[in-house]
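Quick look at what Swiss-Prot lists:
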type    : residues                       : note
MOTIF   : 65-75                          : motif ''HIGH' region'
BINDING : Glu568                         : L-isoleucyl-5'-AMP binding site
MOTIF   : 609-613                        : motif ''KMSKS' region'
BINDING : Lys612                         : ATP binding site
BINDING : Cys905, Cys908, Cys921, Cys924 : Zn(2+) binding site
Amino acid sequence: MVRKMSEQKDYKNTLNLPETGFPMRGDLAKREPGMLKNWYDNDLYQKIRQSSKGKKSFILHDGPPYANGSIHIGHAVNKILKDIIIKSKTALGFDSPYIPGWDCHGLPIELKVEGLVGKPNQKISAAQFREECRKYAREQVEGQKKDFIRLGVLGDWDNPYLTMNFDTEANIIRAFGKAVANGHLYKGSKPVHWCLDCASSLAEAEVEYEDRTSPSIYVRFAAADESAVENKFVLTEQGKGKLSAVIWTTTPWTLPSNKAISINPELEYQIVQFGDERFILAAELVESVAQAVGVESWKALGSAKGSDLELLQFKHPFYDYNVPFILGDHVTLDGGTGLVHTAPDHGQDDYVVARKYNIGMAGLIGNDGKFNSNAKFFAGLGVFEANGKVLEKLDEVGALLKLEKIRHSYPHCWRHKTPIIFRATPQWFIGMETQGLRQQALSEIKKVRWIPDWGQARIEKMVENRPDWCISRQRTWGVPVALFIHKETEQLHPRTLELIEEVAKLVERKGIQAWWDLDAKDLLGDDAAHYSKVPDTLDVWFDSGSTYYSVVKNRPEFNGKEADMYLEGSDQHRGWFMSSLMLSTATDNKAPYKQVLTHGFTVDGQGRKMSKSIGNIVTPQEVMDKFGGDILRLWVASTDYTGEMTVSDEILKRAADSYRRIRNTARFLLANLNGFDPKRDLVQAHEMISLDRWAVDCAFRAQAEIKEAYDNYQFHTVVQRLMKFCSVEMGSFYLDIIKDRQYTTKADSLARRSCQTALWHIAEALVRWMAPILSFTADEIWGYLPGERGEFVFTEEFYDGLFALDVSESLDDAYWQQVITVRNEVNRVLEQARNDKVIGGGLEAEVTIFANDEYSALLNKLGNELRFVTITSKAEVKTLADADVAEGEVAGLAIKAIRSANHKCPRCWHYSDSKDANSLCSRCEENVNGNGEERRFA
């Protein structure tokens with residue numbers, strides 16, 4: 001018999017109220033540092049390595065950031081993306097080590113150290129200077145390392161790779177030796193990017209383009225023999241006056257080095273009468289040149305094809321020698337005159353075309369960017385300083401046709417932000433055509449998966465157009481070009497490959513200083529008198545470009561396997577991706593990576609680049625101090641990284657809102673798992689209530705999509721699916737419905753344990769979905785989940801305890817989706833009733849659902865449990881024909897809501913058949929004092 005409890009007023013102790021120590025507020029900025037300490041005190045990374053042992057490997061090779069300065073938001077994006085991939089690959093069942101690295105040699109560090117201790121060989125010896133550079137780089141690495149760790153990035157931070165580690169320096173030299181062995185190295189004088197402030201050559205990736213105002217001049221080159229020139233043209237009229245070829249340039253300082261005039265063999269050229277003079281111009285550019293120089297009328301006197309004009313001679317404007325017309329395909333009709341001033345010292349195209357004609361260099365400019373004595377009128381002047389003098393000289397000799405100013409894009413040094421020049425210097429190169437390197441690299445590009453796919457076309461174009469790679473630098477702090485060359489012939493020592501390995505062994509023991517300390521006699525014996533050590537250092541892009549060999553092939557964690565992925569910002573197509581591709585192809589005939597993923601740059605809320613002058617810089621440190629690392633990570637994951645990544649306070653607040661929804665879902669799950677022991681209380685799938693089985697099936701389907709999105713690096717899709725699951729499928733439907741069953745049924749009833757079983761499965765899955773992105777929060781949740789488990793979520797694979805609904809299940813997903821449609825329509829009507837003050841809350845309502853046959857059959861399956869789905873005190877189904885209200889927004893449904901006339905149960909708050917306001921409803925009487933109510937569906 002059921003005993004009446006109508007006199008009892010407080011029923012709180014009879015309810016299964018949610019309870020958890022998991023805090024409602026994340027307080028991430030305060031809590032995360034403590035979690036990090038726990039991770040490192042307990043050697044988390046090594047535990048992940050141990051748990052992954054023997055699994056299929058996935059190697060993401062870290063592109064080394066430069067060891068200088070604090071990390072910026074772009075660094076944070078890069079490291080977080082890598083960390084998400086490493087953690088998700090671990091969860092997908094891979095062994096995925098992460099060895100962070102740093103680029104430690106090169107000019108920026110030299111400049112910082114110069115500011116501290118002076119230039120090498122002035123106040124301090126070169127050896128001491130290198131030691132100071134090493135010390136400075138080490139300090140920078142430690143500072144950046146702390147910031148990267150604070151982001152929640154897991155890796156072997158105690159054993160990173162540094163390009164200045166002795167073993168790495170030695171292996172860089174060995175990679176150089178392999179390139180030499182394969183015949184890719186040569187020495188030559190070629191025009192290279194030259195920074196006057198650095199007094200050194202620059203790599204392509206160290207060049208930035210900024211707008212600059214330059215002189216724009218048209219210059220006459222008088223014909224050396226007018227009749228010889230005229231004879232090559234088909235003339236319709238002789239014309240009158242002096243005959244000149246006209247060139248256009250924005251670099252007057254290069255004119256002293258002019259050695260030729262390039263024309264296109266396929267273009268038509270004309271002799272044109274401009275006033276009292278005759279000019280040779282490309283036929284299609286005559287009109288634009290006339291406008292530029294202020295000539296209103298002109299007359300074409302004759303024409304000729306470019307190929308017919310080869311080797312015609314013209315006088316240099318101010319030196320006593322002639323320059324020839326030479327043929328070059330680089331001459332276009334994009335601007336100018338169709339005749340290109342050619343100075344092989346100062347332009348790549350100029351150098352290539354002049355070489356075909358055996359035209360040598362002028363050699364007028366020294367390392368300091370000043371003209372030498374051979375430049376005569378301009379001796380001692382800096383190149384840009386000389387611009388004015390050249391213009392004066394041109395005007396003096398009558399060669400200056402027109403002078404204007406032009407604003408145009410011009411190459412600048414990435415470090416000094418000052419304009420650079422092209423300058424021919426003796427350097428060491430890896431030849432793009434040597435041994436077919438260019439074609440082999442292009443072939444390898446096609447074997448790589450590029451993410452996004454436009455990356456392939458981008459790097460292909462760069463490889464097609466790039467010049468030979470100048471790998472030598474005239475610096476102090478860098479890996480040496482470890483070669484001995486003959487003092488007279490400049491030929492390499494016949495034992496070069498053997499000597500390179502000997503040097504590598506020395507460097508392995510003592511670092512790069514061993515090269516400069518080395519007495520050539522120690523390796524060469526009597527040969528030392530005839531050979532000298534090369535004083536140059538390797539381009540730092542060679543350092544980082546060779547890490548596929550110096551690190552990936554030599555770290556035991558990688559087991560000699562090649563990298564599966566390189567991941568960097570989109571500027572690295574011409575940087576690290578390029579240098580790595582060229583070197584790996586030169587040494588191993590294959591690309592060093594299977595996949596290359598690039599992310600865009602960060603911009604502010606208005607789409608502007610981060611800039612100190614604008615004052616719009618968002619630093620990761622500020623974000624973490626204000627919001628916490630997980631919010632920064634969630635922003636990165638939820639942003640489509642294939643384009644520009646917009647970050648602002650407003651956007652981060654939106655990320656924080658999304659975070660709260662996820663956290664609240666997790667907290668609800670944990671609070672309702674109070675008292676649940678999976679070993680004791682777990683309900684088998686076939687015994688679970690229908691709605692609970694559906695919820696697990698929902699998680700099963702979500703997990704399949706989330707795993708696929710992680711596997712395809714679509715992290716914004718992961719976040720969207722996570723949000724949909726938490727907010728829509730769970731939050732606005734399932735979790736809302738189960739509250740009554742969870743709180744009011746008997747604590748150990750099937751109805752409640754079935755629900756808790758579903759919640760437990762969902763929580764086990766959810767925490768793993770979150771872990772790669774919301775690492776701190778996932779770790780926190782992990783500590784509150786019931787049941788035996790490993791110490792950290794990061795050693796786990798995705799949860800395998802979810803299940804799909806059986807195909808024979810009549811209440812399948814399609815069924816519940818239709819129920820959701822009905823419930824949404826009921827909610828719309830209830831909301832209107834609330835607005836009309838008919839009811840307060842939904843439990844005050846009784847609803848009648850007038851439904852067509854399809855919906856009637858659907859809803860009647862739930863029987864008396866329909867009211868638990870609508871969360872009303874009563875819900876009954878009648879035929880649509882009996883409706884006394886109009887159909888609503890869903891065809892086939894008409895909903896009527898009235899205020900219940902019954903008493904409110906003081907325990908479950910449903911309005912029912914209790915005799916008065918203090919009496920329990922019959923359902924609660926059964927749950928408190930009887931055997932408990934039964935549920936089958938909801």
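Keep in mind that glycine also has a Cβ here, set from the backbone N, Cα and C atoms.
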Across the motif ''KMSKS' region' (609-613) the predicted model averages a pLDDT of 79
Please report the Cα separation of Glu568 (L-isoleucyl-5'-AMP binding site) and Cys905 (Zn(2+) binding site) in Å, rounded to an integer. 62
What is the interatomic distance between the Cα atoms of Cys905 (Zn(2+) binding site) and Lys612 (ATP binding site), given in whole Å? 64
As a whole number of Å, the Cα atom of Cys908 (Zn(2+) binding site) is distant from the Cα atom of Lys612 (ATP binding site) by 60
Determine, to the nearest whole angstrom, how far the Cα atom of Cys924 (Zn(2+) binding site) is from the Cα atom of Lys612 (ATP binding site). 66
Name, in the order they occur in the sequence, the residues of the same chain whose CB lies under 8 A from the CB of Cys921 (Zn(2+) binding site) and which sit 6 or more residues away. Cys905, Arg907, Cys908, His910, Ser912, Asp913, Ser914
How many other Cβ atoms sit within 10 Å of the Cβ of Cys908 (Zn(2+) binding site)? 21
In the motif ''KMSKS' region' (609-613), how many residues does DSSP put in helix, strand and coil? 0 helix, 1 strand, 4 coil
